[in-house]
Structure formats: structure tokens, C-alpha cells
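Q: Residues or ranges marked as domain 'POPDC1-3' by TrEMBL: 26-251. The annotation transmembrane segment is assigned in TrEMBL to 46-70. Positions annotated as region 'Disordered' by TrEMBL: 275-367. Sequence annotations record features per position, and here TrEMBL assigns compositional bias 'Pro residues' to 308-321. What TrEMBL lists as compositional bias 'Basic and acidic residues' is 357-367.
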Amino acid sequence: MNANSSSVGQLLLQGPVCIGWKQDLEGAVYHLANCFLLLGFMGGSGVYGCFYLFGFLGTGSLCYVLWGWFDACGLDIVLWSFLLATACLLQLAHLVYRLHEDALPEEFDLLYRTLCLPLQVPLQAYKQIVHCCEEQVLTLATEQTYAVEGETPINRLSLLLSGRVRVSQDGQFLHYIFPYQFMDSPEWESLRPSEEGVFQVTLTAETACSYISWPRKSLYLLLAKERYISRLFSALLGYDISEKLYGLNDKLFAKFGLRFDIRLPSLYHVLGPAAPDPGLESTEEEDVHEAAGSPPRATPTDVLQTPPCSPLPAATHPPAPASRARMSRPDSGVLGEDSSSLVLEDFEEVSGSESLMDYRSDGEYMR
């Protein structure tokens with residue numbers, strides 16, 4: 001061990017073993033090759049950093065091949081430099097292949113940057129989502145229907161890429177669907193995987209539209225297999241449905257500027273089915289009872305406002321409670337009326353129940 005260390009020390013102290021140094025410098029090709037190598041080793045990481053690295057290393061190795069062939073005249077220099085240049089070129093070819101394989105169509109690339117990239121969704125997970133819809137972009141012409149109320153089965157989930165879709169029910173406009181919103185998220189969430197159903201609204205394209213669609217069974221299999229993608233869709237669908245609900249909520253307003261929450265119980269009378277005029281019904285009932293000589297039957301107002309009394313005899317059957325339904329609007333057939341025309345007169349009071357109109361705000365009503 002000591003002998004080896006002493007021999008190494010002697011070699012370092014005695015200087016180089018070369019008999020003589022060359023006086024002439026190497027050619028320009030040799031120095032150019034070293035410059036390319038220096039630039040190549042300054043490359044960064046990532047795909048484009050690898051492009052930079054192997055590009056300059058390969059060019060420097062080719063310059064070494066030329067220098068060994070024309071100036072140094074050494075076969076070993078030529079062979080090793082050629083091997084290094086070939087390895088760099090193969091690495092560049094592999095990077096080009098990976099980039100081409102990872103490339104997405106323009107529509108899906110824009111969808112990823114708009115919807116998924118802000119949520120930091122991995123590209124590999126996004127590719128699984130795209131593969132589930134078979135990378136197909138479907139189109140709708142102007143006034144072409146995507147779904148018909150009561151007829152079209154719920155067998156897919158679609159996302160609008162461009163255009164505008166009109167949602168209506170019984171010929172009455174509800175709201176619009178804009179790009180990068182789901183077209184049938186409420187219908188998707190309303191059914192379990194084993195259930196079947198049909199659309200309760202009609203979706204019509206107001207302009208030329210493009211969208212992507214996932215078959216129901218294929219998407220359910222993907223969500224059951226990939227937990228991350230399942231959570232992602234749950235968040236996206238929940239946000240989409242909440243946006244639609246709040247959009248409808250903004251359409252319910254009063255003349256004096258108060259906005260109401262569609263989840264309040266009193267708004268059931270606005271959104272519930274129409275019924276005949278309760279005043280006409282009570283008048284007809286009184287006439288019938290007077291003609292029969294029996295005491296008039298109490299109206300819903302009398303029943304709810306009168307304090308509870310002793311039970312009736314067994315032979316007498318109490319009248320069935322009247323259904324709570326709002327009156328039909330006489331002007332509901334006016335052209336152009338939609339859910340945004342629900343004004344103060346729409347909040348019809350039902351007899352014996354507290355109305356939202358008795359309060360100045362939603363908070364007072366809830367308290």
C-alpha cells in the first residue's frame with residue numbers, strides 16, 4: 001500500500017511522461033467539438049432540457065468524428081466518437097416519439113388547459129378520460145336537439161366544447177349551457193348505475209356546437225377502477241350542478257330588489273303544479289251544502305285558522321285536506337316569458353300557511 005502511494009506521488013511530482021509537447025494546436029474542428037460539449041452539459045432537465053443536452057452532445061461527437069478522420073488520423077477516435085454520436089441521435093429519436101405519442105388533438109389539448117390544468121390533473125389521468133370517450137368530437141347543427149323531454153334515454157354524459165345549448169321544459173325556457181359545462185349533469189347524478197331513466201328537459205343547440213360524450217357503462221367502469229378520476233368527476237359534476245342551480249336562483253326576484261333562495265319551502269308554490277282557483281271551489285262547496293240542508297264544510301282557511309276541537313263522531317268522515325298548489329297564471333302564455341319573469345305576483349299565498357311575502361328577507365323567514 002505504501003509502495004503504491006509512493007509511486008503515484010512520484011508520478012505526480014516528476015511531471016508528465018511525455019517526451020515532448022506539440023507546438024502546433026489542433027484544428028478548428030477539435031475546438032468546435034469541445035465548444036458543443038460545453039454547451040451540451042449546460043442543459044436543464046425535462047423533455048426540452050433533454051433535447052438541448054443530446055442535441056449539443058451529438059453535434060460535438062460528430063465534430064470529433066471529423067477531427068479523428070481528417071486531423072488525428074486515429075481509428076479509435078473515429079469509432080468512439082461515432083458511437084457517442086449514434087447514442088445521442090437515438091435518444092433524440094426516442095424523445096420525438098414520446099412527444100408524438102403524448103400529443104393530443106387541438107380540442108382535447110384546449111380542454112385540458114382550460115378545465116384540468118388549473119386543477120393540476122396529471123396528464124396520464126387525463127389521457128384515460130379522453131380514451132374513455134374514444135377521442136371523438138361530436139357536433140350539433142343549429143336547432144338540432146341533443147335530448148327530447150320524456151323520450152331520450154339517459155345513457156351518456158356529455159361536455160360542451162363550443163357553441164350554446166338551450167334548455168327548456170314544456171316549451172318554457174330554463175337556462176343556457178355554455179362551453180366547458182356538462183350538458184346532462186343533473187340527469188347523470190339523478191340515477192344510480194343500475195337504474196334507467198329519460199330526460200325531463202329538452203336540449204336544443206342554438207348555434208353550431210361541438211361536444212364530447214362518454215358512454216354511461218364505459219365511464220362507470222373507469223370511475224370504479226380509478227379512484228382519483230372518480231373524485232375528479234364528482235367535484236366537476238357537483239360544481240356544474242351548483243352553477244346551474246344558482247343561475248336559476250338569480251332568475252327569481254322581487255320588484256323591490258330582494259332575491260330569494262329556491263330552496264326555501266314557500267317557493268314550492270311558485271314551482272309547483274297549477275290548480276283551479278280555491279275561491280271558486282269554496283263557493284261551489286257552500287252552495288251544495290246549503291242546498292242539502294247540512295252545515296257548510298269548512299274551507300282550508302277555516303280549518304287552519306280554527307283551534308283544534310273535539311273529534312267528530314265515528315259516523316262522520318272528516319273532509320280530506322285540500323292540496324296546496326298555486327293558481328295558474330293568466331298571462332303564462334305571453335310570448336317570450338321564461339323563468340326570469342317570475343316577479344312578486346308569482347308568490348301566491350296559500351291559506352293558513354306563512355308566506356315569504358310576510359318577511360323582508362330570506363334570513364328572517366328561516367329564523
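The backbone N, Cα and C atoms fix where each Cβ goes, and this holds for glycine too.
What's the neighbourhood like for each of these?
A: Note on the domain 'POPDC1-3' (26-251): mean pLDDT across this stretch is 90.
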Q: For the transmembrane segment (46-70), what are the same-chain contacts with Cβ under 8 Å, counting residues 6+ beyond its ends?
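A: Contacts of the transmembrane segment (46-70) (Cβ under 8 Å, skipping residues fewer than 6 from its ends): 26-27, 29-30, 32-37, 39-40, 76-78, 81-82, 84-85, 88-89, 91-92, 95, 98-99.
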